[in-house]
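Quick look at what TrEMBL lists:
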type: DOMAIN; residues: 45-318; note: domain 'G-protein coupled receptors family 1 profile'
type: TRANSMEM; residues: 29-53; note: transmembrane segment
type: TRANSMEM; residues: 65-88; note: transmembrane segment
type: TRANSMEM; residues: 116-137; note: transmembrane segment
type: TRANSMEM; residues: 158-179; note: transmembrane segment
type: TRANSMEM; residues: 211-234; note: transmembrane segment
type: TRANSMEM; residues: 269-293; note: transmembrane segment
type: TRANSMEM; residues: 299-320; note: transmembrane segment
Amino acid sequence: MIETNTPSMLDRTEPAHCTVCCCTLANKILMVVFMLLLILATLFGNLVTLAVVFGTKVFHTPQGYLKASLAVADLAVGIFVVPLSVYAEIHLMVTESGPEWTLYNSQSVSFHPCNIIGPIFAGCTFVSITTIFLLTIERSIAVLRPLHKDSVITRKRTTILIVLSWVGSFSLAVSPMVFSREIALEYNSCSRMCNYALGTIGEFPTQAWNILLLFPAFDFTLLGGTVVINIISLSSIRQHSKRRKTLAESECQSSSNPTFSDIKAAKTIGTLTVAFTASFNPIAVFVVGNVLGNEWCNFSFFAFWILATNSCWNVIIYSVRDQKFRLRAHKLFMPGHRQNTITTKTQKTEEH
């Protein structure tokens with residue numbers, strides 16, 4: 001989301017970077033195919049998540065609302081962010097030159113698509129991080145304080161937190177342009193995405209430096225807190241599992257212990273945290289290297305698009321880890337097959 005090397009966008013005579021994704025026609029075609037598949041996977045996966053959450057009463061819970069918020073943020077990436085890159089790359093292949101707006105940053109033209117798409121990508125990334133943090137908090141309370149779960153975690157409070165996370169995330173996403181004249185948005189020829197950049201060539205302004213540092217500071221703080229809370233919750237789950245093996249069955253099912261459903265959900269959120277942290281790490285490395293003066297053109301492409309692919313991982317994790325989610329999704333999209341399976345099993349039982 002941050003790019004500090006901008007002369008290539010300000011000088012039209014300078015050729016575009018030849019990255020590993022677009023040096024040959026075959027690579028360009030593969031890149032566009034990858035982007036199109038990512039759009040389809042993101043749209044399908046997150047629409048399935050929303051259909052399951054809103055179409056099933058058992059998912060009308062604080063955790064379900066948070067998963068729906070995460071799905072909406074991922075859906076926005078598939079609807080707005082990736083299609084703009086597809087359009088720019090197809091235009092480049094067909095006409096051998098990118099659209100006019102890719103040659104300038106947002107300070108050089110009256111309207112620039114990246115003024116909208118850049119903050120959407122940044123804002124949705126922040127929403128995802130915040131939502132995963134809230135999911136982790138919700139699960140940790142269910143595991144560590146099961147008796148207080150229903151009184152502390154309510155749907156009204158969760159809805160308020162979701163609204164605040166969206167407002168705060170997008171306020172942070174637009175803050176660089178609001179508080180600094182040096183920061184602009186551009187379609188970067190390395191990442192093939194809309195990135196934040198310096199609008200003027202020269203020494204890095206102190207004010208712009210401080211504002212851009214808000215992004216990694218926010219990300220690392222929330223991700224670090226999420227990891228710590230997950231470790232505490234998973235440690236508690238491990239201790240609970242050991243006690244369950246040694247105590248009698250009646251004692252294990254005491255109301256003071258977390259339910260099997262809560263434990264399973266906590267592990268799912270832990271997996272989700274690991275996946276998002278892994279997809280965000282390349283961006284973190286790139287930002288640090290970029291601040292130190294390294295352009296890392298090829299690496300920036302992979303870093304940004306690894307982060308973008310995270311938008312379609314959530315539904316895969318839910319399907320693998322959550323049996324209720326998997327069964328509901330199967331019932332929604334393959335009702336006839338499920339009914340035939342049940343009928344066949346019934347017939348076999350009667351024959352025996």
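Keep in mind that glycine also has a Cβ here, set from the backbone N, Cα and C atoms.
With a cut-off of 8 Å between Cβ atoms, the residues of this chain six or more beyond the transmembrane segment (116-137) that come close are 1, 63, 66-67, 69-70, 73-74, 76-77, 80-81, 84, 158, 161-162, 165-166, 168-170, 172-174, 185, 193-196, 215, 218-219, 222-223, 225-226, 229-230, 233, 269, 272-273, 276, 280, 307, 310. Highest Cβ pair count under 8 Å relative to the transmembrane segment (269-293), across stretches 65-88, 158-179, 299-320: 299-320.
Note on the domain 'G-protein coupled receptors family 1 profile' (45-318): its mean pLDDT in the predicted model is 85.
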